Amino acid sequence: MKESFYIEGMTCTACSSGIERSLGRKSFVKKIEVSLLNKSANIEFDENQTNLDEIFKLIEKLGYSPKKALTKEKKEFFSPNVKLALAVIFTLFVVYLSMGAMLSPSLLPESLLAIDNHSNFLNACLQLIGALIVMHLGRDFYIQGFKALWHRQPNMSSLIAIGTSAALISSLWQLYLVYTNHYTDQWSYGHYYFESVCVILMFVMVGKRIENVSKDKALDAMQALMKNAPKTALKMQNNQQIEVLVDSIVVGDILKVLPGSAIAVDGEIIEGEGELDESMLSGEALPVYKKVGDKVFSGTFNSHTSFLMKATQNNKNSTLSQIIEMIYNAQSSKAEISRLADKVSSVFVPSVIAISILAFVVWLIIAPKPDFWWNFGIALEVFVSVLVISCPCALGLATPMSILVANQKASSLGLFFKDAKSLEKARLVNTIVFDKTGTLTNGKPVVKSVHSKIELLELLSLALSIEKSSEHVIAKGIVEYAKEHNAPLKEMSGVKVKTGFGISAKTDYQGTKEIIKVGNSEFFNPINTLEIKENGILVFVGRAISEKEDELLGAFVLEDLPKKGVKEHIAQIKNLGINTFLLSGDNRENVQKCAFELGIDGYISNAKPQDKLNKIKELKEKGQIVMMVGDGLNDAPSLAMSDVAVVMAKGSDVSVQAADIVSFNNDIKSVYSAIKLSQATIKNIKENLFWAFCYNSVFIPLACGVLYKANLMLSPAIAGLAMSLSSVSVVLNSQRLRNFKIKDH
């Protein structure tokens, strides 16, 4: 059984990886992925051995709060920004008390200059009050950190909590010594760390605030989509409008869409017209004109006029619901490149705690002065600095932050990745296989020329009258052409359809009732021929002389034109060193012509679904990483076989199960965009990981005091600043993906 839920109380990657590690060891858990950014978890487990309630209990034992839905956070007395501002103010106050005399004695009143026991004690008490206030403002670090430590799942908050608590306890001990006159020399006289506690917490709070704001901005794409989903709709029942919940709408319901309202579910306009904002699908800001017979999609907005529509999907299967599900999956899933960071994070925090304790003991032993309290002070500073400077957050944010921003950017381009692995793998593709109809071409054949042995208007009238009842795209092209030439309609009877061949009916022809046939060449037993040298889709019109003989009256030559800009985008793809193939069920002449005009490397014509499947298998066996680009309708087996499946979707045509990437702008440029965005994202992730590994590799030894003889020791306050800047730098680097642009050359 697969389930998704939310987990509150996670602060860093050590939290999420700890939950994965703990539950992953259980025999009944087949797979689990926990997303720190989304506060979500996807789990697959054996329902015969356990249930979701039992899994929730296991997570609660680890110190976290699993929930089936995210609850609104309790409104605190101070907002995050106010808490941060207060932390800065009180930190400056403590630093002023601690270092004011050092900078200039005139900055402090004489009673606080720490020149004697009384003034030292008074100064320290004021510092303690300021430090306790800052610690209260940052109490979440202590609550979460010690809780995680208690459950043997230490995280970043644990490092902060241990380090600052040790500094506070040491300072309280020094304060006691001053109060009781039990100090040994001038150095140990009132050597407090209250300002270090405050500065560390302030810097960490600043870093976390920047990080959270960036996360929220990156999650805006999903939030904006969810806001597009209306809760109710106007249903027409007995010629009256009834407001109903969207979840109660079923296929076939007639809905009224008012100006300025969102489309509730996918459907088709049956009365009226409108201009719809479909930017959430295609990324294009211009409104799209819709008339009777046109499809409309959930989440899009109607601008001006009202119209009636018939629901073709329920809410669960609507386009908007599928997009939200894809974005959720993409943000919740993990890329393979993140596995290294997860493995390191799983042992990182315990290792740092061990290193800090070892460094403390070593410095206590080897410190150059014989005085114990002086040595203890140096050892404590090293201990706190090592704990505080270590940054599992930089490692944990390196991958998910980049993927989060990349998915937001993708949605603005009309692209949706099924999961993080799809985003990661697209860059590796070296062969792309295209379907032709509806993918490279418009999928709407238009009449190129007409060859007639009878009066042209009569031929058009016969074709129009028979084809008007057909839903086939070729029939629609002929009907549209006949209507443009004002062909009259004839009465038809006895309509018969032979699937894959054509349609016939009895109608008036030259004063008598004749059986007229419209279809491909295999539909006829002609007694005469038509010489047609043009390439294209041939549709013949004839009359049945007998059961075994037909007379051809004329023929239509249709062509399915390539989409605008396809040739240029194919060239862009080939410039990346990618091989291209065209697989189509169309005849050899048409497929060859299309491949030649678009500059595609190879092609297979008259291809059945099995032929396409076999070709992709063959390419994969040769070591190629294959991307299949199709319309998602009849290419499902080929899409499933490919390494990366791209569906050029039109709303409800999307097949989420088959697709790794869905393009709602129905443009081949999306394929190029997906590959380039994948390349940019992985490059960004590697930059983040490089920085995170280098930072921890360099700064942890520095905090241990390896350069002490070079007079380079990091104070706890500087360590706190460095740690904050480390995670902030990863966040800011990830934000650079917002500026990702597709070059047109």
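The chain as shown is numbered from 1 upward.
Glycine is treated like the rest: Cβ placed from N, Cα and C.
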According to Swiss-Prot, transmembrane segment applies to one of these ranges: 195-215, 636-656. Which one is it?
195-215
Membrane_side_equal(A14, Y708) from Swiss-Prot:
no
Tell me the Cβ neighbour count for D631 (Mg(2+) binding site), meaning other Cβ atoms within 10 Å of its Cβ, over all protein chains shown.
21
Might you confirm whether the transmembrane segment (344-366) is in contact with the transmembrane segment (152-172), defined here as three or more C-beta pairs under 8 A between residues 6 or more apart in sequence?
yes
Cα-Cα distance linking D631 (Mg(2+) binding site) and D435 (active site, 4-aspartylphosphate intermediate), given in Å to the nearest integer:
8
How many other Cβ atoms are found within 10 Å of the Cβ atom of D435 (active site, 4-aspartylphosphate intermediate), counting all protein chains shown?
26
Intrachain residues whose Cβ lies under 8 Å of the transmembrane segment (686-705), provided they are six or more past its termini:
337, 340-341, 344, 348, 352, 355, 359, 363, 382, 385-386, 388-391, 394-395, 397-399, 401-402, 712-714, 719, 722, 726, 729-730, 733-734
Please work out the helix, strand and coil residue numbers for the topological domain 'Cytoplasmic' (1-83) from the DSSP assignment.
26 helix, 23 strand, 34 coil
Counting Cβ pairs under 8 Å to the transmembrane segment (717-735), which of 195-215, 344-366, 380-397 comes out on top?
195-215
